[in-house]
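**Q** According to Swiss-Prot, the protein has these features:
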DISULFID  C2-C8  disulfide bond
MOD_RES   L4  D-leucine
Amino acid sequence: GCVLLPWC
């Protein structure tokens, strides 16, 4: 999962 990218 992504942490810094809200659109991931």
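Just so it is clear, glycine is given a Cβ too, placed from its N, Cα and C backbone atoms.
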**Q** Tally every other Cβ atom lying within 10 Å of the Cβ atom of C8 (disulfide bond).
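**A** Counting Cβ neighbours of C8 (disulfide bond) within 10 Å gives 7.
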**Q** With Cβ-Cβ distance below 8 Å and at least 6 positions apart along the chain, what are the contacts of C2 (disulfide bond)? List them in sequence order.
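**A** Set apart from C2 (disulfide bond) by at least 6 residues yet with Cβ under 8 Å, we have C8.
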